[in-house]
Amino acid sequence: MEPGVRARSGAPQPASPVLWRARPAGGGGASSWLLLDGNSWLLCYGFLYLALYAQVSQSKPCERTGSCFSGRCVNSTCLCDPGWVGDQCQHCQGRFKLTEPSGYLTDGPINYKYKTKCTWLIEGYPNAVLRLRFNHFATECSWDHMYVYDGDSIYAPLVAVLSGLIVPEVRGNETVPEVVTTSGYALLHFFSDAAYNLTGFNIFYSINSCPNNCSGHGKCTTSVSVASQVYCECDKYWKGEACDIPYCKANCGSPDHGYCDLTGEKLCVCNDSWQGPDCSLNVPSTESYWILPNVKPFSPSVGRASHKAVLHGKFMWVIGGYTFNYSSFQMVLNYNLESSIWNVGAVSRGPLQRYGHSLALYQENIFMYGGRMETSDGNVTDELWVFNVRSQSWSTKTPTVLGHSQQYAVEGHSAHIMELDSRDVVMIVIFGYSAIYGYTSSIQEYHISSNTWLVPETKGAIVQGGYGHTSVYDEVTKSIYVHGGYKALPGNKYGLVDDLYKYEVNTRTWTILKESGFARYLHSAVLINGAMLIFGGNTHNDTSLSNGAKCFSADFLAYDIACDEWKTLPKPNLHRDVNRFGHSAVVINGSMYIFGGFSSVLLNDILVYKPPNCKAFRDEELCRNAGPGIKCVWNKNHCESWESGNTNNILRAKCPPKTAATDDRCYRYADCASCTANTNGCQWCDDKKCISASSNCSTSVRNYTKCHIRNEQICNKLTSCKSCSLNLNCQWDQRQQECQALPAHLCGEGWNHVGDACLRINSSRESYDNAKLYCYNLSGNLASLTTSKEVEFVLDEIQKFTQQKVSPWVGLRKINISYWGWEDMSPFTNTSLQWLPGEPNDSGFCAYLERAAVAGLKANPCTSMADGLVCEKPVVSPNQNARPCKKPCSLRTSCANCTSSGMECMWCSSTKRCVDSNAYIISFPYGQCLEWQTATCSPQNCSGLRTCGQCLEQPGCGWCNDPSNTGRGYCIEGSSRGPMKLAGVHNSDVVLDTSLCPKEKNYEWSFIQCPACQCNGHSTCINNNVCEQCKNLTTGRQCQECMPGYYGDPTNGGQCTACTCGGHANVCHLHTGKCFCTTKGIKGDQCQLCDSENRYVGNPLRGTCYYSLLIDYQFTFSLLQEDDRHHTAINFIANPEQSNKNLDISINASNNFNLNITWSVGSTGGTISGEETPIVSKTNIKEYRDSFSYEKFNFRSNPNITFYVYVSNFSWPIKIQIAFSQHNTIMDLVQFFVTFFSCFLSLLLVAAVVWKIKQTCWASRRREQLLRERQQMASRPFASVDVALEVGAEQTDFLRGPLEGAPKPIAIEPCAGNRAAVLTVFLCLPRGSSGAPPPGQSGLAIASALIDISQQKPSDNKDKTSGVRNRKHLSTRQGTCV
């Protein structure tokens, strides 16, 4: 037994008990014994595994506990057994061989690691039956797979591909999936990618044991006829190979309901009025049920997935499909639904095998379109084949593509044939995935009578097409209902959807219906009594974290067409799991028949669903509420099925009231048409937002016919560059990897954007020269129609002129006698446009388009008149990322070409196919790709692998060790028994050929582990695995690398070659030989160039390279990057600029260095030895300064004198500063004073300017302050006061009475606290004898004084206060000036 693999001796005997001893936790206590029968031994292994998992996952490092899962602890480090890796040897990574009669295998006690490749070979004896039980299996769905082969290599028949969560759903352990091989061998290969990892798997195996331990309903017995083989003796009322099928439950209700047939097929035979697997349901019944019919013959070769089935009479015709092995595959099968018998179609010639195609039946013919071909390249086809049921013969159709349509080669699509209201019979092909154009959202129509193909324009909602959806056609509503699929999602993402669309075939209108809430693809759909039944499918939609979604589903959903409602139906209540995807379903007599599919293995069973019968409902209320899964109507005192009624049944359907949609539900629709063409109750608001119809909106649209379709809405649905380029208004952004709409202003008003040009058609009658001038005035020229897009556009536009004849000039004229050319100087090729018969004639040298029965060119004199002209001008794309489309991934045939575009494509090395990254899952839905690459490419054949370790990493390779036993050998395709080769040139089968590694010549074949001695042919081994002495200039533990100073690939006897670096490097790249130059500024693979772009000069072939320094500048060199790691030297040169000044040098560095300085006057200095004269030689310094005298070195007589500085022997990283300078030692007084006064005057001028600015600012602020003060004073309260003046002895007359009392102030302004105030009075100034004031002076003045008012009497205060508050009051007393 191989190390690291757990096994136990002896096969389990189900009938014998097993004793297990359990000890309580803690150091003491009594022991207890648990007695288990043989049916529970797997359960014990599961507990043991979980206990081991918990112990290892919580274990401490090896230095503390010494725990290693598959290895031993040595010096606190785990030394792993072969095939195990990790700090605790907890991950598998290699090959294992198991030879025990039974045992188990696992990826490890914790989650498996990323990029894991593990292989197990279980070896029994020839033709032994080997059973695998997957008691635990959890991997990333559709990405991480376990492959099981019935043999000892991957070239043996494939029997199972496991992925996702394998969880039994029925009665626990007895339904654990079991895989069987019959060759005596089983090869299991596991591969995981780099997305996320799960808990892995725990697989039990046993040789010649009973299937599923007889499911607990039988006894495992040894066969009498064939020794060493066992079989199950089933208990009563159980049958099947594993005793897992119950029969005659409750004795079939005998005798009233039926009886049990114990001698024949062991099933219930019901009386006429009873039905069901146990005859417990009435005929007709108000309940539904599932059954598994007994199929005859039950051949495994029938199993397939992604096939298609149609019903013709009592036969279900099954065509195509995917299978593991096509050697015995039958393209056409039919199943008799009455007798449950399979028949193989007697077809001699026909199409190649394919899957993912579509089938549609019309009369006696079955139309098959598209699909993925099962050939070496695996291309998607656009072939249209017709199979005649009566003659059982194939014929092919080549339809004519109408107009400017495109026939898409698709897979994962669906098709239906119906008769339109126009009496035209048409096959409608819905969606699908095209390897060239990506996920298509188009409808394709094939008109059978005219044999024509068309891609029509559709109305209504803008829908998104995809792969693996299902669709049904309803005769009542004349519509096709499309559900689910794998699609392109917003934000350049891809995944499953739960969308439901309705396509009205006569009006070509899309409507979005209520989604199911359960995303899936590769499911089935049928229509029964007004309900669309959805079964199974792949529901895994996780991307970075597993949420428990299963790859294989048994979900059962029902959609009520009349009420737009979804219901979840109970899953099939059968004796085993029926999870699957990629199956087919048909309807006969109101029952659904499901066939085949994929659930880790290819299924060949048939499931039958019998829905309730409307006739069984006797009450009107029960009839109307029948369901889910069935639609009934009450008609004249009896209940009948939906299909038996007329089209008015929709109006009479009783549906639950629909709740108004919320705004959040409507927000998902980004365009007006999809917002209004759905059943969710939404409206399109004027601010380009979809909201609920119950929400307020100033201007809304509620009918899709009122919507304006914008280019952005169309372009966003195109998922590939090719499909984007087909739309003239879209362009592909290579950086964002999305299709974007071209702005409408690219060409301007009146112009049409067509391809890379703008075209404009004018119907005016002009000569050629005037037409050319007209276009010139519009910044264009007469159109050069060199592309098919431009020709098609012009021809279409000409047809729109119905009121007048338009035969426009185009930019084509005769250059010389025999040469016609376009205005853009391109030659006329007679491909996109052709001359009319008899043209060109000799009468004219200019061409125009003649709209005849067939539009074409006609020559005319350039001075004559033509009816119209076509102008053209270039268009400049605003998106700089828009470039021509790259080659589609599917057309790239090598790994290098496939992975050259970054992450756009993925290369599958096992199938030699390149696929789009966004379509990897649908390109390999059944795990056909064993390994993929997106960046680095590994050798595509075993022969390209040079070491045994690399060889055994690939599951299809083995290593042939040569007789030298030094590790040399060669890698070749093979199995555990020996190497293999192709059986023939045109035969893809491989056969064993031991002569490729002859054992008689002492060659050794290794398939599980490499030979112990792995010295690559450069040394012999001591102690079996230690290389004694590496020769041939090699080094390393296995002599796998070249010695320093040499390069090459010494693996498997390769040679090492000396590095060629011209003395400028000590080492080079070990594999490429590129030299790591030690002098900064020298570059090239062989250090043969100077880095002239960065001011390095010289010739490294004859000397070295120097950095040219400038005088009076300081340079800093930071050798800190990883590219500078090998640099240990840098050189400089400098030439004095002035002949009368000394040359100073200053250099310092962050690390110690050696310094050598030389000088030369010749032009060959630095290249010829002896031309330089040494000046300075220093070692191990960090700083140096010096000055070279111009007199000593005679700068004046040696104008070409050059100084060379060599800095060497420093360590990385380092920072170096160096400067050469020339200046006088005696200060020039004149220059000093000139400089001083210049600076002084400049400073003075700056000070003056600053002072002036300050003064200006101060004056401005002062003016503003005065203005504010005046405004404040002007806003103070004011009043008028009457003043009585005495002039001499005269009294004033205008007062009523004499003045009384003392003079009063004109104002009193109290201060805070009312203890002081400002008193204001009028004063009479001194006057002359005449009574008049002196000239130039005033006779009056206003005086103010601060007075104390705290001692005044209350009466006085009252009077004063009154006087202040009533300033307008006229005093009645005579006043006197004081």
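Even glycines carry a Cβ here, placed using N, Cα and C.
Positions annotated as signal peptide by Swiss-Prot, on the basis of sequence analysis: 1-51.
According to Swiss-Prot, the feature topological domain 'Extracellular' maps to 52-1229.
Listed in sequence order, the residues of the same chain lying 6 or more apart from ASN75 (N-linked glycosylation site) and placing their CB within less than 8 Å of its CB: none are present. Sequence annotations record features per position, and here Swiss-Prot assigns N-linked glycosylation site to ASN75 (among others) based on sequence analysis.
Taken from Swiss-Prot, the feature N-linked glycosylation site covers ASN173 (among others).
Feature annotation from Swiss-Prot assigns N-linked glycosylation site to ASN197 (among others); the stated evidence is sequence analysis. According to its DSSP assignment, ASN197 (N-linked glycosylation site) is coil. On its own chain, ASN197 (N-linked glycosylation site) has ASN111, TYR112, LYS113, TYR114, THR116, GLU140, ASP144 as residues at least 6 apart in sequence with a Cβ closer than 8 Å to its own Cβ.
According to Swiss-Prot, the feature N-linked glycosylation site maps to ASN379 (among others). When Cβ atoms from all protein chains are considered, those within 10 Å of ASN379 (N-linked glycosylation site) total 15, not counting its own. When secondary structure is read from DSSP and collapsed to three states, ASN379 (N-linked glycosylation site) falls in the coil class.
Summarising the annotation, Swiss-Prot assigns repeat 'Kelch 6' to 591-637.
Taken from Swiss-Prot, the feature domain 'PSI 1' covers 613-656.
Sequence-distant neighbours of ASN703 (N-linked glycosylation site) (same chain, six or more apart, CB under 8 Å from its CB) are THR676, listed in sequence order. Classification of ASN703 (N-linked glycosylation site) by DSSP places it in coil, neither helical nor stranded. Feature annotation from Swiss-Prot assigns N-linked glycosylation site to ASN703 (among others).
What Swiss-Prot lists as N-linked glycosylation site is ASN777 (among others), and the listing cites sequence analysis. Less than 8 angstroms from the CB of ASN777 (N-linked glycosylation site) sits no same-chain residue that is six or more residues away.
Per Swiss-Prot, the feature N-linked glycosylation site maps to ASN897 (among others); the stated evidence is sequence analysis. Annotation for ASN897 (N-linked glycosylation site): same-chain Cβ neighbours under 8 Å, separated by at least 6 residues, are LYS887, CYS914. In this structure, ASN897 (N-linked glycosylation site) is part of a helix by DSSP.
Sequence annotations record features per position, and here Swiss-Prot assigns domain 'PSI 5' to 941-1011. The average pLDDT computed over the domain 'PSI 5' (941-1011) stands at 90.
DSSP gives ASN1156 (N-linked glycosylation site) a strand state. Here Swiss-Prot flags ASN1156 (among others) as N-linked glycosylation site.
Residues or ranges marked as region 'Disordered' by Swiss-Prot: 1351-1378.
Within 10 Å of the C-beta of ASN1156 (N-linked glycosylation site) we count 17 further C-beta atoms, all protein chains included.
Sorting the domain 'PSI 5' (941-1011) by DSSP state (H, G, I as helix; E, B as strand; all else coil) yields 15 helix, 26 strand, 30 coil. Under DSSP, ASN777 (N-linked glycosylation site) is assigned to a helix (H, G or I) in the three-state scheme. Put simply, ASN379 (N-linked glycosylation site) is 69 Å from ASN1156 (N-linked glycosylation site) when counted between their Cα atoms. Counting residues of the repeat 'Kelch 6' (591-637) by DSSP class, helix then strand then coil, yields 8 helix, 17 strand, 22 coil.
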